[in-house]
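Below: the structure, in structure tokens.
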Amino acid sequence: QVLILKGLKQEVSCLCPSPDGLHLAVGYEDGSIRAFSLLSGEANITFNGHKAAVTALQYDHLGGRLVSGSKDTDVIVWDVINESGLYRLRGHKDAVTQVLFLKEKNLLVTSGKDTLVKWWDLDTQHCFKTLVGHRTEVWGMALISEEKRLITGSADSELRVWDITYIQEVKDPDEPESKKSKGSSPGAEENTEEDETLELDEHPEERLVKCSKVGSIMREGRDRVVTLATDRTGKILACHGTDAVLEVFSVLSEEEVQKKLEKKMKKAKKKAKQNSEEEPERSVELSLQDEIQRVANVRASSKIKSFDLILSPKGELKIVLLLQNNIIESYNLNLSAQVPQAVRASRITIGGHRSDVRTLAFSSDNIAILSAAAESVKIWNRLTLQCIRTMDCEYALCSLFVPGDRQVIVGTKTGKLQLYDLASGSLMETLNAHDGAVWSIALSPDQRGFVTGGADKCVKFWEFELVKDESSVQKRLSVKHVRILQLDEDVLCVRYSPNHKLLAVSLLDCTVKIFYIDTLKFFLSLYGHKLPVLCMDISYDGTLIATGSADRNVKIWGLDFGDCHRSLFAHDDSVMYLQFVAKSHLFFTAGKDSKIKQWDADKFEHIQTLEGHHQEVWCLALSPNGDYVVSASHDKSLRLWERTREPLVLEEEREMQREAEYEESVAKEEQPVVAGETQGEIGLAGKKTIETIKAAERIMEAIELYREEMAKLMEHKAICKAAGKEVPFPVNPILRAYGNITPSAYVLEVFKKVKSSELEESLLVLPFSYVPDLLRLFNEYIHLGLEVELLCRALLFLLKIHFGQITGNHMLVTVIENLKKTTISRVSEARDVLGFNMAGLQYLKREIEAKDEVTFFADATDRFEEKKRKRKKKEKMVLAML
């Protein structure tokens with residue numbers, strides 16, 4: 001492991017490296033995008049524009065622009081250098097699946113789950129062509145053959161191939177005939193009717209690109225395409241479905257196609273001579289399968305989630321696969337071999353599980369953690385976070401450490417109890433405990449045995465015993481079945497009371513029955529849940545029992561009379577696990593809503609929420625000392641939480657919760673409408689967030705301070721005039737903190753601190769009453785040549801959104817006239833400086849290139865002379881030997 005890029009709480013949904021390899025754009029589940037520097041590991045840029053998960057990211061070939069597609073159906077183009085959004089493109093009716101820039105032209109291609117492939121002209125920012133030749137969702141796209149071919153992957157086993165013709169090229173009379181005729185296949189005519197492209201002739205931009213279907217390449221997989229991509233050179237194309245097979249194709253270059261065509265022509269001519277036929281040229285054509293050839297199929301050890309490939313200069317293809325079961329595999333494929341075979345080079349598995357962890361347990365010394373899943377039991381060291389033991393098991397559902405922490409017991413889905421020895425990591429014994437799944441296991445308070453509850457409607461009591469093996473002299477631990485309690489419904493959960501007098505049993509009929517342990521007589525029935533109780537726990541003093549149910553509620557009951565103290569709406573989905581903290585009436589719950597919550601059973605209050613998991617939390621375990629919580633989720637992660645010594649103030653927690661809810665509501669609000677803009681194909685790139693509102697508030701505060709200071713200054717001048725002498729002027733503490741700057745300079749400082757990506761949205765929520773002052777200040781700044789580029793951008797945006805009010809205000813006419821003069825002169829100056837610098841840099845570049853060429857040729861001459869000398873020497877030696 002080389003680097004970890006720390007994000008926020010949201011799940012990563014998309015990755016894209018920049019062309020220079022120095023940055024990585026990361027898309028998140030909440031629609032935000034962050035660009036990380038791979039040198040420092042810091043997130044330099046954050047873009048907020050999407051309302052739903054980012055599904056596709058792509059840099060242009062220079063790395064200056066980034067385009068993103070999302071589940072909210074929008075496509076947004078971002079300026080990476082200026083750290084701001086350029087524009088939003090609307091048109092798709094469902095989630096966007098892929099976005100591609102065309103290098104040579106300023107064009108963008110996007111595909112979506114709405115079965116459409118759209119072509120966008122980025123100069124005019126509108127969609128000028130829509131391909132409608134797909135019956136189902138378009139899941140992937142790739143450009144090949146120097147961007148003259150587009151390949152689309154859909155929900156069937158067909159990869160559709162489209163020829164892209166740039167109209168300017170067709171008009172070129174010097175274009176070779178072979179290029180025009182290239183790629184037409186016998187199957188092309190058959191598909192023209194059903195796969196026609198929808199051409200919008202009223203747009204003159206429609207003349208940019210012509211796109212026609214050539215044919216199809218058949219995949220071996222029958223399911224949908226999950227990922228379709230090429231390597232950097234565009235020579236290799238690969239795709240995979242929802243299975244474990246990656247299909248690799250080779251794309252022939254124009255030279256290779258020409259050679260193949262010539263070979264075919266020669267063969268055809270030979271045949272024609274033998275059969276004495278004429279004109280073989282017309283009949284010779286390369287099929288699509290000849291141009292895009294299947295190389296090999298790479299079979300991974302599990303279902304593939306994503307992949308990437310690199311073609312090395314030696315002709316070896318390196319493939320990296322990310323698998324569904326949490327493994328990364330690397331394969332090498334030798335393309336020059338007669339029959340290329342993929343060889344697995346390496347794999348990264350680390351210590352994690354290959355499937356969801358369904359049970360967790362802490363050892364009595366708080367150091368070891370047991371986690372068990374469908375294929376293995378693992379023991380982790382809490383201090384080092386390393387896996388110290390892995391043991392194969394059946395599908396585990398519940399587990400516990402045997403007192404002494406040297407053995408563990410696991411209850412399985414098939415009804416078995418498996419006893420493992422930790423020192424050797426071996427399975428000591430397997431017992432057929434239940435006829436159905438063993439849903440729950442609980443250690444007795446006297447630590448001499450345990451109880452299990454299963455889907456066979458039985459609760460069974462077990463005791464530990466030492467037995468002698470025939471093979472060894474030493475006795476080993478075993479368990480024996482001592483009692484059974486037969487019930488009418490499946491048992492979902494069992495718990496002992498700490499005083500060892502009562503046993504609580506949760507049943508499938510939504511009730512919890514309490515029995516006396518010694519006589520197994522019925523004591524109480526707790527009913528009130530609408531759905532089965534999936535988890536429960538009894539407090540350390542035996543006075544309370546808390547039950548968590550699939551009806552999303554947690555109920556707190558008294559164990560003396562079985563009365564319900566309080567019912568709490570705990571989670572937005574089923575409550576999966578519940579456990580009391582040692583020696584307290586606080587308890588934790590885990591839910592299918594991916595949250596872990598802490599509650600107070602005396603005051604019936606929600607204390608805090610632990611957010612970190614991205615999917616359902618199946619189970620959790622508290623350490624015996626109550627300082628640690630470990631949780632397991634469907635997102636394949638185990639998370640360890642530590643209790644800090646920092647006091648928790650409930651009012652502060654509530655305040656933070658309210659703030660989070662407000663931020664969420666702001667994001668869900670309708671975006672402000674820009675005057676004169678229709679809700680068409682194009683829109684503003686950003687979105688209203690709590691940050692943009694705060695930035696607007698800071699600008700408002702700065703302008704108000706400026707107004708106050710200017711009023712004070714006028715007042716001060718009047719006082720000085722009346723007194724006939726200079727009176728010291730009191731400096732505002734804020735301005736003093738900034739180093740005694742002027743009020744107008746303070747406004748500029750605040751303005752400069754607004755993030756570039758949030759500037760437009762901040763100005764959009766700024767009330768018009770502040771705009772006149774801002775325009776006067778802009779005039780002052782631009783006249784002095786301060787931050788010309790930033791201020792011009794803000795000025796043009798303000799003029800655009802408040803055009804009617806500004807032009808209708810007579811007070812602002814002179815301000816606008818002055819702005820016109822100063823802005824044009826200052827922008828011209830800035831352009832001249834840039835032009836001069838560009839010319840200088842190009843001159844330096846030419847100088848360096850010329851110098852390099854000279855040295856390159858000098859090196860070549862030296863090497864040639866050296867070879868000549870060696871050859872002469874060799875010849876002399878040969879002659880001497882003769």
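Numbering starts at 1 and runs along the chain as displayed.
Using the three backbone atoms N, Cα and C, a Cβ is placed for every residue, glycine included.
Bear in mind that TrEMBL entries carry predicted annotations, made automatically and left uncurated.
Note that the coordinates shown come from a computational prediction; the quantities given were computed from them, not determined experimentally.
These come from TrEMBL:
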- 47-88: repeat 'WD' (REPEAT)
- 89-130: repeat 'WD' (REPEAT)
- 131-172: repeat 'WD' (REPEAT)
- 173-205: region 'Disordered' (REGION)
- 190-199: compositional bias 'Acidic residues' (COMPBIAS)
- 251-278: coiled coil (COILED)
- 350-390: repeat 'WD' (REPEAT)
- 431-465: repeat 'WD' (REPEAT)
- 526-567: repeat 'WD' (REPEAT)
- 568-609: repeat 'WD' (REPEAT)
- 610-642: repeat 'WD' (REPEAT)
- 744-846: domain 'Small-subunit processome Utp12' (DOMAIN)
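Non-local neighbours of the repeat 'WD' (89-130) in the same chain are 52, 55-61, 65, 67-77, 136-143, 147, 150, 152, 166, 197-200, 203, 205-206, 208-209, 211, 228, 679-683; each lies 6+ residues outside the stretch with a CB under 8 Å from one of its CB atoms. Segment contact is absent for the repeat 'WD' (610-642) and the repeat 'WD' (431-465), given fewer than three CB pairs below 8 angstroms at sequence separation of 6 or more.
Listed as Cβ neighbours of the repeat 'WD' (568-609) (distance under 8 Å, sequence separation of 6 or more from its ends, same chain) are residues 531, 534-540, 544, 546-556, 615-622, 624-626, 629, 631, 633, 635, 641, 648, 650, 653, 657. Residues 94, 97-98, 100, 102-105, 109, 111-119, 180, 183, 191, 194-198, 207-230, 234, 237, 239, 251, 253-254, 288, 292 of the same chain lie 6 or more positions beyond the ends of the repeat 'WD' (131-172) yet place their CB under 8 Å from a CB of it. Looking at the repeat 'WD' (568-609) alone, the prediction's average pLDDT is 93. Applying DSSP to the repeat 'WD' (568-609) sorts its residues as follows: 0 helix, 25 strand, 17 coil.
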